[in-house]
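Report on the following structure.
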Amino acid sequence: MAIQTSNLGYPRIGLQREWKKTLEAFWSNKIDEEQFLTTMKEIRLQHVKVQQEKGIELIPIGDFTYYDHVLDTAYMLGFIPSRFSEFTSYLDVYFAMARGSKDHVASEMTKWFNTNYHYIVPEYEEGLQISLKDNRPLRLYEEAKQELGVDGKPVILGPYTFLKLAKGYTQEQFPTILKQLVAPYVQLLSELHTAGAPAIQVDEPIFASLTKKEVQQAKEIYEAIRKEVPNATLLLQTYFDSVEENYEEIITFPVSGIGLDFIHGKEGNLNAISKYGFPADKTLAVGCIDGRNIWRADLDEVLELFTTLQKQVQTKDIIVQPSCSLLHTPIDKTEETHLSTELFDALAFANQKLEELVLIHSALTQGTESISNELETYRNVHHTIRSSAARNREDVKAARTALKEEDFSRPLPFEKRYELQQVALELPLLPTTTIGSFPQTTEVRQTRKEWRNGVISNEQYEQFIEKETEKWIRYQEEIGLDVLVHGEFERTDMVEYFGERLAGFSFTKNGWVQSYGSRCVKPPVIYGDVAFINGMTIKETVYAQSLTEKVVKGMLTGPVTILNWSFVRNDIPRKEVSYQIALALRHEIELLESSGIRVIQVDEPALREGMPLKEKDWDAYITWAVQSFLLATSSVANETQIHTHMCYSNFEDIVDAIRALDADVISIETSRSHGEFIDTLKHTTYEKGIGLGVYDIHSPRVPSKDEMYTIVEQSLEVCDPKYFWINPDCGLKTRRTEEVIPALEHMVQAAKDARSLLKTNA
C-alpha cells in the first residue's frame with residue numbers, strides 16, 4: 001500500500017501579505033497590469049516551492065487566486081452577469097464581478113460554508129452560454145511544471161458544489177443546468193489529464209449536507225463526466241464535516257479516490273467506514289490535521305486514527321492530508337517569538353502543519369520509533385498548555401457555576417420595553433443610524449502605528465482619537481442621523497480590540513488570514529479562560545455622548561462573533577468559551593449603562609456562520625449561541641435599547657434564532673444580497689425593531705437616494721414602520737470619507753421621503 005502526503009490548499013496572502021499589497025496597488029493604479037501579473041506569479045510559485053521544500057508530494061495547483069476561487073470557477077465557466085458585458089479584459093470583468101463598478105453592483109458575497117472566508121456568489125442568467133472560457137488550472141499546472149519541475153495536483157471546485165452555491169435559477173432548472181456543466185468539466189479534466197496531471201482534486205464540500213436525491217443527482221453527473229474522461233485520476237474531496245448520511249452511495253462514485261475530514265467529521269466518517277467499509281480499488285485521503293485551527297496536532301491521536309483505519313480499510317493507497325485547505329490558517333509561526341513559550345510551542349500554522357503531515361507519513365512508513373523524539377516533544381507541549389494557570393481559573397469556574405435561569409432573559413417582553421424606550425429616546429419614525437465604524441484613513445492608521453511604536457505618547461494618541469471622534473459626531477449631526485456612533489477610530493478590528501482587553505486572549509504579530517478579497521484579518525487566540533479586566537469602551541463612548549444632545553450608541557462585538565472569529569482553544573466545548581466571553585461583556589454593558597449610554601449595540605455578524613453544516617446539529621448550536629447573547633445583554637434596564645447587527649448570512653435558516661435573541665433592534669445586510677432577506681420576510685413575520693441595510697458598503701460606488709428609497713419601500717412592504725430603522729449594510733471602516741458622506745446624505749434623504757409618504761398615506 002502506497003502512502004503519500006498531500007495538501008488541499010495553501011494560504012494565498014503571502015508571508016508579509018504581499019498578495020494583499022499587490023492587489024491594492026493594482027486597484028489604486030500604483031502598478032500596471034504587467035507588474036501585477038508578474039508579482040502574482042512570483043507569489044504563486046513561491047507558495048508551490050515552500051510546499052515542495054516541506055516534503056509534500058501532492059502539491060495543490062490552482063488554489064491560488066486573484067480574489068476568490070469560486071469567482072475563478074464562475075469566470076472559467078462563463079457565469080458572467082450581462083451587466084458587466086461592457087468590460088472586455090479578463091481582469092476588468094473579474095474585478096467588476098468581485099467589487100462592482102461605477103455603474104453596476106458587485107455580485108453577492110457570502111460566507112464559505114461555516115468559515116469566516118467569503119466567496120463571490122456565481123450568478124446564472126437565462127440564456128447563459130456555459131462553456132470552458134479559460135482552462136486556468138491547466139495554465140497553472142503547466143507553469144509549476146515548467147518553472148519549478150513540480151508535477152502538481154490541480155484543484156478545482158466540483159460541479160455540484162459550484163452550482164449549489166450559485167443563484168439565479170429555479171429549483172426546476174437545476175437538473176438541466178447541472179447537465180450543461182458536464183461538457184466544460186469534461187474538457188477541463190481531459191486537458192489536465194492529457195497534460196499529465198498525476199491526480200486532480202475535485203472539491204465537493206457540499207456533499208456533507210446533501211439529501212439522498214441530491215447525492216443521486218451528483219452521482220449521475222460524475223458518471224457522465226467519467227464516461228468521457230475514463231483514465232484521469234480524480235480525487236473527490238469532502239471537508240468541514242462527515243458524509244456519514246450518504247457515505248454508502250458516495251463510495252460508489254466513479255472516482256479514483258475520496259477525501260474525508262477526520263477532524264470535523266471524525267465520528268461520522270469512522271461510523272460510516274465501520275458500517276460500510278471502503279472500496280479496495282479507491283485511494284482513501286485522510287484529513288487528519290486540522291486545517292481550520294492553529295494548535296499542534298495530537299500526534300498520538302492521529303496515529304491511533306490510522307491504526308483504526310488500517311484495521312477496517314483494505315485500500316490500495318492512503319493519502320495523509322489536512323482536513324481542508326490551509327487557507328483558513330496563518331502561514332508560519334516563526335515570527336511569533338513574543339508569545340509565551342507555552343503558547344508558542346502549542347501552535348502550528350500552515351507551514352508547521354505541512355511538517356506534521358511529513359512526520360505522520362514517516363511514522364506510517366518507517367514506524368513510530370522514527371519520530372520518537374518528536375512524539376515526546378509533542379506530549380510535553382500538550383501537557384504544559386493543559387495544566388497552565390490561564391486555563392484553570394477558579395473565579396471563571398465559580399461565575400459559570402453561579403448562573404441562574406433569570407440571567408438569560410430581560411425583565412419585560414419586547415413590546416412593553418419598546419414603548420418605554422420610545423419615551424426615553426424620543427426618536428422619529430424610521431430612525432436612521434449607521435452600523436458603527438467610520439473610515440480608518442491613512443492618517444488614523446499611521447497615528448496608531450506611531451503610538452504603538454512609541455513615536456507619540458498615550459496622551460497625544462488619545463487627543464487624536466478625540467479629534468476624529470468629534471469631527472465625525474459633527475458630520476453625523478450635519479447629515480441628520482438620529483442615533484450616532486463614536487466611529488471606532490481606536491479599534492483596529494472588531495474582535496481584536498476586545499480580545500486585547502480581556503483575560504484569556506493572546507495575539508499574533510503576523511497571524512493573518514484572508515476574509516474576503518484583499519481584506520485580511522488577524523484572529524485573536526483564545527488560549528485560556530476568558531474574564532473581564534477593566535472597562536473597554538467606556539471612555540470613548542462617554543466622550544462622544546458628551547459632544548452631542550443626540551443619542552450615541554455603545555458598540556460591542558458579541559460573544560458568538562468573538563468566538564467564531566478567533567482561533568479557539570480545543571480542550572473545552574466552544575459553548576463554555578462563549579459563556580465566558582458573554583459574562584465578561586455583561587460586565588462591560590452594565591458599565592456603559594451606568595455611564596448614561598442608553599442604546600448599546602452588540603454585533604453578532606458571525607452567528608450564522610458558526611452553524612454546523614448538518615441541519616440535525618443546528619438546534620444544539622443555536623441554543624447556546626442565543627443563550628450567550630442573552631447572558632451578555634439581559635441585565636440592562638427595560639429603557640435601555642439593545643441593538644445587534646448581522647451580515648453575509650443565509651438568514652432564512654435562523655429567523656427563529658434572530659427572534660430568540662430578543663434584541664430590541666436588529667440591523668441586517670440586505671442590499672449586497674440583492675434583497676434576499678426581504679423575500680424571507682414575505683413568508684414570516686418579524687415583530688421587533690429591524691433595519692434592513694439600504695446600501696452595500698463593500699463597493700466604492702455611492703448609491704443614489706432613489707436606489708436606497710427603493711429598498712426602504714420594499715422593506716416596508718414586509719416590516720412594520722413603527723419598528724423599522726434605516727441603515728447601511730455594515731460598518732464604514734473600509735470606505736473613504738468622500739464616499740461615506742454623500743452616501744449617508746442620500747440615505748437620510750431617502751428616510752425623510754419615506755416618512756413623508758407614510759404621513760401622507762396616514
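One-based numbering along the chain as shown.
Placement of Cβ uses the backbone N, Cα and C atoms for every residue, glycine included.
In Swiss-Prot this protein carries:
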| type | residues | note |
| --- | --- | --- |
| ACT_SITE | His698 | active site, proton donor |
| BINDING | Arg17, Glu18, Trp19, Lys20, Lys111, Arg519, Cys520, Trp565, Glu609 | 5-methyltetrahydropteroyltri-L-glutamate binding site |
| BINDING | Ile435, Gly436, Ser437, Glu488, Asp603 | L-methionine binding site |
| BINDING | Ile435, Gly436, Ser437, Glu488, Asp603 | L-homocysteine binding site |
| BINDING | His645, Cys647, Glu669, Cys730 | Zn(2+) binding site |
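Here the features listed in Swiss-Prot are placed on the structure.
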residue	record	contacts (Cβ under 8 Å, 6+ apart)
Arg17	5-methyltetrahydropteroyltri-L-glutamate binding site	Trp512, Cys520
Ile435	L-methionine binding site	Val485, Asp603, His645, Ser667, Asn727, Pro728, Asp729, Cys730, Gly731, Leu732
Gly436	L-methionine binding site	Val485, Glu488, Met494, Lys553, Met555, Gln601, Asp603, His645, Gly731
Ser437	L-methionine binding site	Val485, Gly487, Glu488, Arg491, Met494, Gly731, Leu732, Lys733
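Annotation: Glu669 carries the greatest number of neighbouring Cβ atoms among the binding-site residues Cys520, Glu669 [cut-off 10 Å, Cβ to Cβ]. Of all the Cβ atoms in the protein chains shown, 22 others lie within 10 Å of the Cβ of the residue listed as 'active site, proton donor'. Ser437 (L-methionine binding site) falls within a strand when secondary structure is assigned with DSSP. Within 10 Å of the Cβ of Asp603 (L-methionine binding site) there are 25 other Cβ atoms, across all protein chains. Each residue contributes its Cα atom, and for Glu669 (Zn(2+) binding site) and Lys111 (5-methyltetrahydropteroyltri-L-glutamate binding site) those atoms are 13 Å apart. In this structure the C-alpha atoms belonging to Trp19 (5-methyltetrahydropteroyltri-L-glutamate binding site) and Cys647 (Zn(2+) binding site) are separated by 26 Å. Within 8 A of the CB centroid of the L-methionine site residues Ile435, Gly436, Ser437, Glu488, Asp603, the other residues of that chain are Thr434, Val485, Met494, Met555, Gln601, His645, Cys730, Gly731, Lys733. The CA atom of His698 (active site, proton donor) is located 12 Å away from the CA atom of Cys647 (Zn(2+) binding site). Geometry remark: Lys111 (5-methyltetrahydropteroyltri-L-glutamate binding site) versus Cys647 (Zn(2+) binding site), CA distance 10 Å.
A strand conformation is recorded for Lys111 (5-methyltetrahydropteroyltri-L-glutamate binding site) in the three-state DSSP classification. For the 5-methyltetrahydropteroyltri-L-glutamate site, whose binding residues are given in the record as Arg17, Glu18, Trp19, Lys20, Lys111, Arg519, Cys520, Trp565, Glu609, the maximum C-alpha distance rounds to 28 Å. Glu609 (5-methyltetrahydropteroyltri-L-glutamate binding site) and Cys647 (Zn(2+) binding site) are 10 Å apart (CA-CA, integer value).
Summary: among the binding-site residues (Lys111, His645), the fewest other C-beta atoms within 10 A of the C-beta are counted at Lys111. The Cβ of Trp19 (5-methyltetrahydropteroyltri-L-glutamate binding site) has 24 neighbouring Cβ atoms from other residues within 10 Å, across all protein chains displayed. When Cβ atoms from all protein chains are considered, those within 10 Å of Cys647 (Zn(2+) binding site) total 27, not counting its own.
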